[in-house]
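Undergrad: Structure below; questions to follow.
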Amino acid sequence: MEFDLIGKYVLLFLGGLFSGVVNVLAGGGSFVTLPILSLFGLSPSVANGTNRIAILLQNVSATASFAKNRMLDFQLAAKLLIPTVVGAILGTSIAIKIPERWLQTSLGVIFLFMAVYMTLPEKPKQRTQDRNVTLLLRYIVFFLIGIYGGYIQAGVGFFLVAALTKLEGMELKMANAMKIFLTLAFTVVALLLFTVGKKVEMVPGMVLGVGSFVGGALGAKLNSVLSVRIIKTTLIGMMIVSALLYIF
C-alpha cells in the first residue's frame, strides 16, 4: 500500500516534470497534468482544482522575472485584469458546480478540439492590432478567455497570446509576459474558489508543482537540444488518448 502511494507520487512528479518541459517548448502543460492527476485517483473536478497549485508555482517566478526585466505594461495589465478575473470567477464557479460526468465529458471535448488546434500550422504572431476593435469588444474577449481559464485553464495561454497580439498590438515577448501575469492573477482567484469548494488536494498539488517547476527550468536549458516537433507530437497523442478516456 505504502509502495503504491510512493509510486503514485513519483508518477505525479514525473508528470509535472514533463509538463514543465512541454510548457517551455510547446505550451499546454495542463494537458499533461490533468490526466496524471486523474490517474492518481482524483475526480475531474478535484484534479482541475489541484492542478492550479502547479500553475500558480510556475507563474509566480516567471512573473517576477518579467517584472524585474520591465517587460510588463502594468497600466494595460490593470485594464485587462478586471474582465479576465471576473470571467475566471464565473468559469471556476461553473467548474465547481457542474456534475462530474458533464465536466469529464467537456474536458474530453476540449482536449480533442485543442489537439486539432495544435496540429494547425503556426502563423507568426506580429503586432497587427485591429484599430476597429472597440474597448468593449476587447473586454468581452478577455472576459470569455477568463471564463475558459477559470473552467479548465489548459490551453488558455494560446488564446491570451492571440488576443494580446491581435487586439492589443503587443509584440510576442511582451504578450508572453502579459499572458503569464494574467494567468497568475486569475489562478490565484480560481485556486481560492476551488479550495473553498473543497476541490483541492494540497499534497499531490505540491508534488506536481515542484515537478513542473523543475521541468520548466530543465526545458529552458534543453531548449536548443530537444525537438519541439517531437514534444508537440507526443503531447497531441496524449491529448487524444486522454480525450477518449474522458468521453468514454
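Using the three backbone atoms N, Cα and C, a Cβ is placed for every residue, glycine included.
Unlike curated entries, TrEMBL annotations are predicted automatically.
Dumping what TrEMBL says about this protein:
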type     : residues : note
TRANSMEM : 12-42    : transmembrane segment
TRANSMEM : 76-96    : transmembrane segment
TRANSMEM : 102-120  : transmembrane segment
TRANSMEM : 140-165  : transmembrane segment
TRANSMEM : 177-196  : transmembrane segment
TRANSMEM : 203-220  : transmembrane segment
TRANSMEM : 226-247  : transmembrane segment
Undergrad: For the transmembrane segment (203-220) and the transmembrane segment (12-42), check the count of CB pairs under 8 Å (sequence separation 6 or more) and say whether it reaches 3 or more.
TA: yes
Undergrad: What stretch in 12-42, 76-96, 102-120 has the biggest tally of Cβ pairs under 8 Å against the transmembrane segment (177-196)?
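TA: Answer, by Cβ pair count: 76-96.
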Undergrad: Using a Cβ distance cut-off of under 8 Å, indicate which of 76-96, 102-120, 140-165 has the most pairs with the transmembrane segment (12-42).
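TA: That would be 140-165.
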